[in-house]
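Notes follow the structure.
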Amino acid sequence: MAEGVGMNCVKYLLFFFNFLFWIAGLFLVGVGVWIRVDDNALKILHNLDHLDETVVYAGCYAFIGVGVVALIVGFFGCCGAIKENKCMLGTFFACLFLLLIAEVGVAIFAVVKKPDAEKFLKEGLDKISEKKYQDLDTELQRLVDFFQKDFKCCGMNSTKDWAPDYPDSCNCTVGDTCDTTTGRWNKPCDEEVINNLNKNIVYIGGGALGVALIMVLGIILSCMLFCHGRGEGERGALFGTTYKQFV
């Protein structure tokens with residue numbers, strides 16, 4: 001009796017885990033499609049890092065691809081958990097294990113390439129200042145205003161990037177980086193953006209670790225449910241056919 005209740009808890013916990021995984025996949029697909037079809041989003045990304053449209057499109061397709069993989073894995077996990085289908089649970093386990101290895105590989109690559117990423121971001125921000133603020137596209141002006149208001153900075157490469165016609169987002173009255181003499185922020189945004197990312201790297205790493213731990217939990221739960229089994233025969237979750245369980 002106790003074993004049956006425990007396995008039911010495992011089954012529904014695994015289902016809930018995979019449902020969230022499926023939702024995350026749906027979100028990634030939505031973001032990828034949105035960037036692909038929204039001209040304004042494409043223009044902002046293109047102007048920010050001066051990326052070729054082919055690269056931006058490749059990023060969109062990467063989002064969609066990762067989202068589709070998450071949808072498939074979540075589908076196998078949900079159906080395998082509810083039906084206790086060993087074939088689907090085994091497929092789910094294999095996919096999740098491969099994704100875990102991929103995440104570890106990406107994390108190692110990110111740590112090794114961190115200086116290059118900072119350099120790439122700084123160059124992208126600095127290129128924005130090659131034009132006067134008034135000559136920037138409306139979408140890019142909004143992006144600049146967002147950076148300057150949120151990070152309390154003025155200009156991308158230098159605080160004099162927009163001289164002599166400074167935008168209102170450069171103005172300030174109080175703050176650690178506010179120059180009360182000029183009434184403007186006294187630090188450029190490229191430094192502030194990178195410093196902010198470095199300060200929050202612990203949270204980014206913590207989030208990645210959390211995802212990895214959730215994956216490990218999913219692997220453990222799928223193993224428990226897989227080993228529990230249902231007996232000699234089981235009905236297929238999708239096709240309505242009866243087949244002998246494999247071990």
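Cβ atoms here come from the backbone N, Cα and C positions, even for glycine.
When the candidates Cys153, Cys154, Cys178 are compared with TrEMBL, only one is recorded as disulfide-bonded to Cys170, and it is Cys154. With all protein chains in the displayed structure included, the most crowded Cβ environment within 10 Å among the disulfide-bonded residues Cys154, Cys170 is that of Cys154. Count of Cβ pairs under 8 Å against the transmembrane segment (12-35): among 55-82, 89-112, 201-227, the largest is for 55-82.
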